[in-house]
Every structure is written in structure tokens, then in C-alpha cells.
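Going by TrEMBL, these are the annotated features:
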- 6-25: transmembrane segment (TRANSMEM)
- 25-365: domain 'G-protein coupled receptors family 1 profile' (DOMAIN)
- 46-69: transmembrane segment (TRANSMEM)
- 89-110: transmembrane segment (TRANSMEM)
- 130-148: transmembrane segment (TRANSMEM)
- 198-220: transmembrane segment (TRANSMEM)
- 232-298: region 'Disordered' (REGION)
- 236-248: compositional bias 'Polar residues' (COMPBIAS)
- 249-258: compositional bias 'Basic and acidic residues' (COMPBIAS)
- 269-293: compositional bias 'Polar residues' (COMPBIAS)
- 315-338: transmembrane segment (TRANSMEM)
- 344-366: transmembrane segment (TRANSMEM)
Amino acid sequence: MAAPKIWQTSAALQISSGSVSFLSSSTLAYMIKTKKNGLHTPYRRLIFAVSAADILQSICFTLGPFLNVSTVPQAFWAVGNTSTCRLDGFLLGLGSTAAPLYTCSLCIYYYCKLQKKMTNEKIAYKVERWLHFVILTFVVATNTYALASNMFNSSTTGTFCKYAVTPSGCRQRPDIFGECNASPDPKSVTIFNVMNLVVLPIVSLFGTLVLFAILIYQIVVKEKIFSSKPPKQCENKITASSPEPQVQSEERTVKQEEEFSSESRISSPNQAKNTSHTTKQSSSFLRNRQASRNDNADDTNTIANAYRQEMMAQLLLYSLAFVLTYLIYVIGIVLLFTGKPVSTAHYIIAQTLYPLQGLFNIAIYIRPAARVTRIRRPGTSWLKAYFLVIKNGGEALQERTPLVMNFKPPSSVKFGVENNNRLGMEIESCDDVSKECKYVDSSFQLSRDNAAFNSSEEFFYVKGGEGESAQVDIEDAIAGIHHNDLDAIVEDSVDGFSSLHSQTSSTQM
């Protein structure tokens, strides 16, 4: 019997969407796994888990119309049997159950990062490992039980296998397909369908929206990270460390030292005049140094806001993609359970959007790198920027002009250089590299121009000038957001890079 056009259209859309999602999730998982320290951060591990879950369900959607039981009337393209159908249903059950739970886990991660300001290590120990344990235990246990109970059978549409009674379509049209068999138990099948296809996505959606609303209120409304003014906590820290009290205190210390020195050593008016001149120079120097520190704090606040803004944007996009892929599908499932008809348009939209989560995930994941690539290459379209970033392994393209770096001992700051063999020689400078830096843990310190600040063996370029403290470029913070190694920015807007600033300042002054 020839397949109806509506069925052919639905199956073709499902196969197309599933194939695109499979390629997208596979590319994303490959980029993360093959990168050095690819699974080093909780964020990348969670994204990898979401991608793995989507790969499973994408394979099932792509091959579903062919792996179904060939004797099912609705499965027009099926060439499989009961075993292939159960395999398709089992893998689809694993992927479709894990995907919404791990997507919700992403929101939990962002909440811990932005609201609780937890480090990667704390998140991994206190939160992430329990998320993996609970999700994997639940997903494997429930679907293994369903497989043992023969619950995986052809869906009503005949385009994939899932928790279903036999014969297919008996619930909707018993007059055509006959009464439902006692095995598998119809009540158990209903419970599994409601739990895994309705309750879990709805709970995950609700949890995602609640966490997002909390972060919107705390981060956007209260801390005002999207405004030009620094966050309240940053303002308090800046006020608390305003230049006047600190400079006065340091001036007082210098004056006391000078007075003590003058009492014990000064024996002529000329020496007294020189000492007074030295005190004034010291006071001026302290004021300038404190002003420089405040400028550094302002710069760090700007970068901190940009970094957190980007994280909020990522969370918003992940949440919207989750809603877009699941909401229409879940509404259709609810309509089927309540016995109400599902329109053809609703059915086609659901079949098209639901398998596309992998495409949305990779687009969101590399969006910051694509955005920075467009900044560094003016005139580049978004599509081309995405292509360049994917071709570059998920990294933004570096467009910096190599400069000369001067190194002066001693310091423990880590940085990258082109040829670490040259460090064994007594030299004053070596060439900067914009793309491939080798990690060096030595006693050399950059005094000007470009260096690469090392965090978890991934380099973020640090800009500085003669007599200036180094600072992380906003573009680098945005481009490297998916590395999530810039914990200091999120943990503490002002003090995050204070140690780096102080080390650099001490060697330059």
C-alpha cells in the first residue's frame, strides 16, 4: 500500500531534522572531546552529555521509519522486525529521557556559577557529580525495565518506536486495529509515557524557567550587569578601597619612616630639604599607584560584566531552544492522551522541531566565538563566522599582529612563548605568537605589549603597556566563555585579577 502524502512528508521531515541534529551534536561532541582538556570544566561535560543524549535520539529519529516492524500497517517504509524496533525504542528512550534532564542541569550550573559564584571545582564536587549519578541511574533503570517488559513497540505514526501498546493504533482506533493486548500492560505503558514524555519535560521546563527568572532578578535587575554602572557589590568594594583613606594611610607610614630617619640621621638643613622632597615624591607616587589600581578595578568590572552578560545570554538561548523543541511536542502528546485530535500543522511542526535540539545546541555553544570572529573580521556574515569557528575547532579566529615581548625576572606568572628553548639563553625579548603558544612555567615576566595568561593550559591573551598593569581583553573573555576557565571574573568582579595585576605592577614599577 502506498504511503499517504502527509505520512511521507512527516517521515521525510523527521529524517531530515534527525540527520541535521545528529551531525550537529556529533560535531559539537567531537570539538569538545578532541580539545586538550576538553572535558576539563563542568560546563563542557554537561554540554557533552546533552550532545550524547541528542545523538542517541537523533539516530533513532533518522532510522526510525526503517527500523520499525514491517508488519505494522502505519510503518510504510519499515524493513525491520521486533528486535530492531525495540533497539530503536530503547535508544530513543535513553536519549529523550536524558536530554531534558541534562538541559535543566545546564540551568542549575548557570545558577551555581552566576548566583552562588561557585568555582568549577566546587560545582564538580558538590553539584555535578550528583546530577550525573541521579540522571544516569534514573535513565538506565527505567528504560532497562521498559525493555525487559517489552514496552518498546511501534508508535501510532509508524515513524519510530517508543513506549507503546500493541497493536499500534489500538488506543485511538480499536475499530480498525483491534483491542489492545494485555502484554505489555497498558497501564504501565501509560505511566511510562506520562512520566518520561510529559512529566519530565514539563518539570525540566518549569525548573529552567524558574532558575532563569531568579537569575534575571538577581543578576540583571539587582546587580544591573547590563547597565553602564558597575554592580552594587563592585561599587561597594571600590568605595571601600577608595584612594583617599589608603593613600593617607600609606602617606602616614612614609612620613613616620622619614621622621624617624631624620631624627636619627639628619644633621644638616640640606639633608632635611632632600628628605622633605623625597616624602612628597613618595606621596605623589602612592596617589598615582592607587589611581592606577582603581582604573584596573574599573576595567576588571567592565570585563566581569561583559563575561556575565554573555553567560546570561547563553542561558537565555539554551532555555529558549529547550522550550522551542519540547513545548510543541509535549502539547501534542498531552492532546493524544486526552483523546483530542492533533492538527496536521501541529504534527508536522512537532516532527520538524523536536529532533533539532542538536542544531540549536551547537549554534548556541559556538555563538560567542562566532561573535568575536565577526568583530575581528569586519564584514563577515554570521553564517561564515560559524563556518570559520567550526573549521577552527570551535575557537574564535585570532587576528592580532605579533609584537615583541620583553621578559624580566623574577615572577611566577605563567605565559606562552613561541620557542621555549630560547628561555635557556640570557635574552631580553622573544617573539609573541598569536595562535600557537607553548606553556611555560618559569621565572620570566612580561613587562609590555602582549602575553598569554595561562588558565588550565588554555591561553587568554593579556594586554599591557609600559608601566601599566595587564588586563584581560573583553573579546577574549567572550571568545573563551565556553572554556569557562575565567572563574575569577565570575567569583569576584573586582578582586578576580588583583593578584595578576599586583604581580605585573610590582615588576613594572
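In case you wondered, yes, glycine gets a Cβ from its N, Cα and C as well.
Please treat TrEMBL annotations as automatic predictions, because they have not gone through curation.
Given the structure is predicted, the values throughout are model-derived calculations rather than measurements.
Only residues 6 or more beyond the boundaries of the transmembrane segment (344-366), in the same chain, are considered here, and those with a CB under 8 A from a CB of the stretch are 6, 9-10, 13-14, 17-18, 20-25, 27-28, 47, 50-51, 54-55, 57-58, 61, 99, 103, 159, 314, 317-318, 321-322, 324-326, 328-329, 331-332, 335, 386, 389-390, 394, 482. By number of Cβ pairs under 8 Å, the transmembrane segment (315-338) is matched best by 198-220 from the list 46-69, 130-148, 198-220.
Under 8 Å from some Cβ of the transmembrane segment (130-148) lie the Cβ atoms of residues 46, 49, 86, 89-90, 93-94, 97-98, 101-102, 105, 108, 163, 192, 195-196, all in the same chain and six or more residues away from its ends. Tertiary neighbourhood of the transmembrane segment (6-25): same-chain residues 51-52, 54-55, 58-62, 64-65, 74, 76-77, 157-160, 344, 347-348, 351-359, 361-363, selected by CB-CB distance under 8 Å and a gap of 6+ residues from either end. Predicted-model confidence for the domain 'G-protein coupled receptors family 1 profile' (25-365) is 80, expressed as mean pLDDT.
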